[in-house]
Amino acid sequence: MSLQMITVSNNTALIQPGFSLMNFDGQVFFFGQKGWPKRSCPTGVFHFDVKHNHLKLKPAVFSKDSCYLPPLRYPATCIFRGSLESEKHQYIIHGGKTPNNELSDKIYVMSVVGKNNKKVTFCCTEKDLVGDVPEARYGHSIDVVYSRGRSMGVLFGGRSYMPSAQRITEKWNSVADCLPHVFLVDFEFGCSTSYILPELQDGLSFHVSIARNDTIYILGGHSLANNIRPANLYSIKVDLPLGSPAVNCTVLPGGISVSSAILTQTNSDEFVIVGGYQLENQKRMVCNIVSFVDNKIEIREMETPDWTPDIKHSKIWFGSNMGNGNVFLGIPGDNKQASSEAFYFYMLKCAEDDVNEDQKTLTNSQTSTEDPGDSTPFEDSEEFCFSAEANSFDGDDEFDTYNEDDEEDESETGYWITCCATCDVDINTWVPFYSTELNKPAMIYCSHGDGHWVHAQCMDLAERTLIHLSEGSNKYYCNEHVKIARALQTPKRVLPLKKPPLKSLHKKGSGKIFTPAKKSFLRRLFD
């Protein structure tokens, strides 16, 4: 194992606890920046390019038919393939923390729809669920099992906010363990079913999960109700016949006490557990190898890397698996010096050989919902768990770097544009208008021509309408172009109305003259 320091050339502030890494065909993408999305990347997804110990971030591009994907932090993610033999895959994203400091209960499916030497284009769709829908949560896991030619998602564990009736101002962000139910989710039909297994008595969060064919292994975790980290090792087997699925749980020996660990895959039958916490106020510096031999799991300690003094003495650490046996780590910077960085980053290489492309094992882990500065950094609600995917990281394409200087002057572009003739949004005088705004105006995309952004407030949109449009995929046209859009539609044929002829207001030969008031009255009467 080797440890190397990584230099971030741009957008260092984007990389904070709670992010996720997703790997598409050897290219790693960063998801889940803190706060609202920046102008140059409205969904918070960046290409994560590391070469020669230097990291560059480049905003990703989404197709026009994509739904809005908020910059979720601490979600559960996993790879989904139609079958084990399929090469093309998608990412499933569930839960996590929204920019409004609430927890999400939505499921998003993210896939690649276009790729060239300069950019990768993504498409994101929201999946509606029916049946036993899992509540909003974080610190949980979502995996995919394959049995009898079928596939099914398995969701387990996590924490959620207290029920609305119990949430008071002093304890608004208090959390509790979710019930230890196992949810089977059919991604094709959107059906979700909950299962109660007698072996799972306590709620668990920040555990590590490994999906291997039709079985999921749950390792470690933390129980908030009991404040313990039991040496758990569960095997959850899912059988998918044509009828109802069968779910069975077995308690296995040989588990370890750990929470918020990073899991990376070194070959088709071997994994490495890095980091995590063994006590509430103590990091776990030991690394473990998880290997599968004859469908049996074995966990043993391995030689630890040469941790730097900064890593040894830091109170917290966070990161994610990059694939190919590489782990991306971050620790807080030295706040005693004014010029110090907020975080320092390292890459830990656990294996030198490439991961087998035909491997059929997927891994997953979870993240927490709090920032290290929000409360005591040792609590499990501040622990950081991460996704681990079994893909290589050796993309050779050269990507343009993200221009961070663009963020310093948004007077002519971005949120501070003049979106219409009556636009009065000024960077110097703007104040929040909608409750969902923090420090930037809400914008909406007009589909006329090549499309353009307009301010929701300038378009006189009610907040309810704005939220409705942001959740769906319907086209929207701004006030200037809505008439053009309507003109493109073929109007229905309407027969002209026949009006009676206007009778003479002056009867000839009668000698009678109508006053102007009477003339006006008669016009209104006969018109």
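Using the three backbone atoms N, Cα and C, a Cβ is placed for every residue, glycine included.
According to TrEMBL, the Zn(2+) 1 binding site annotation covers Cys419, Cys423, His455, Cys458. Annotated Zn(2+) 2 binding site per TrEMBL: Cys446, His452, Cys478, His481, in sequence order. The feature compositional bias 'Polar residues' is assigned by TrEMBL to 361-370. Taken from TrEMBL, the feature compositional bias 'Acidic residues' covers 371-380. For 414-491, the entry in TrEMBL reads domain 'Recombination activating protein 2 PHD'. Annotation source TrEMBL lists region 'Disordered' at 359-380.
All features noted in TrEMBL, drawn onto the structure.
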{"residue": "Cys419", "record": "Zn(2+) 1 binding site", "CB count, 10 Å": "24"}
{"residue": "Cys423", "record": "Zn(2+) 1 binding site", "CB count, 10 Å": "15"}
{"residue": "Cys446", "record": "Zn(2+) 2 binding site", "CB count, 10 Å": "22"}
{"residue": "His452", "record": "Zn(2+) 2 binding site", "CB count, 10 Å": "15"}
{"residue": "His455", "record": "Zn(2+) 1 binding site", "CB count, 10 Å": "23"}
{"residue": "Cys458", "record": "Zn(2+) 1 binding site", "CB count, 10 Å": "21"}
{"residue": "Cys478", "record": "Zn(2+) 2 binding site", "CB count, 10 Å": "21"}
{"residue": "His481", "record": "Zn(2+) 2 binding site", "CB count, 10 Å": "16"}
Tally of residues which DSSP labels helix, strand or coil - the domain 'Recombination activating protein 2 PHD' (414-491): 18 helix, 8 strand, 52 coil
Cα separation, Cys478 (Zn(2+) 2 binding site) to His455 (Zn(2+) 1 binding site) (Å, whole number): 9
Cα proximity to His452 (Zn(2+) 2 binding site), best match among binding-site residues Cys419, Cys423, Cys458: Cys419
Inter-residue C-alpha distance, Cys478 (Zn(2+) 2 binding site) and Cys458 (Zn(2+) 1 binding site) (nearest angstrom): 10
Pairwise Cα distance for Cys446 (Zn(2+) 2 binding site)/Cys419 (Zn(2+) 1 binding site) [Å, integer]: 11
Inter-residue Cα distance where the pair is Cys458 (Zn(2+) 1 binding site) and His481 (Zn(2+) 2 binding site), in Å: 14
Cβ-based neighbourhood (8 Å from the centroid) of the Zn(2+) 2 site, residues Cys446, His452, Cys478, His481 excluded: Tyr445, Ser447, His448, Gly451, Val454, Tyr476, Tyr477, Glu480
